[in-house]
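Structure, as structure tokens:
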Amino acid sequence: MSRKKEYVLLVILGVIFLAAGGYLFQVWEDYHEASAGYQKLQKFIIEKPDVGRDSKGKSKNQEDPEENLPEIDFDGLRAINGDIVAWIQIPGINVDYPVVQGKDNEHYLHYTFDGKANKAGSIFLDYRNRADFMDSKVILYGHNMKDGSMFSNLKKFQDAGFRKEQGRVLIYLPEKTLTYEVIECRGVTERDGVYEMDNKEKEKQMILSTCSSSANIRMIVKCTMDGKQEH
């Protein structure tokens, strides 16, 4: 190979290396910015004060967890983004995010809660749903991020034992809190009808949806409302 060809090859490899490095840096920066941004929103979760301890030294707050759920400062969140409709917590997989609802199911795939363009996007409610979560079927979407954020850990619910122990989902609304139980986790395609709003089952459902390693398959977690509504 002539020196000229070697030089051209080195230039091409250098350009590829720089482009790859730039892409990886952008991905890292997106992850970092999204993580920092959502971490700042934790201040809007207001934990109830410790009401004391019993004779055995156990916190009385633990006696009935349903009575000691935190409150969400929706007024503060609304000042940042008027599309806020709820807050979701899934303690078993460290999901703890605001839920927004846009005019379509595209915008919040690319923008975080504070309105910044970011690959992490937001957790968002299907635009066809009512904001009060009272439809017979509610659908929430979130990205499957490689750093374990957003809806990345939904796949853990494929394990029946984990699902039984950790399958509690809390949806905080301005007026009440809804409790759901995870009953199923599986891969689906658009042909499965999961994303249709018709719900032929008696129980109210919530579908949590994220992408998977396959372009044609989405991972969904199916939940049913257990009827507990903390006011």
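Any Cβ shown, glycine's included, is placed from N, Cα and C.
The feature transmembrane segment is assigned by TrEMBL to 7-25. Sequence annotations record features per position, and here TrEMBL assigns active site, proton donor/acceptor to His143. Feature annotation from TrEMBL assigns active site, acyl-thioester intermediate to Cys211.
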Cβ atoms near the residue listed as 'active site, acyl-thioester intermediate' (within 10 Å, other residues, all chains): 17
Distance [Cα-Cα, Å, rounded] between the residue listed as 'active site, proton donor/acceptor' and Cys211 (active site, acyl-thioester intermediate): 6
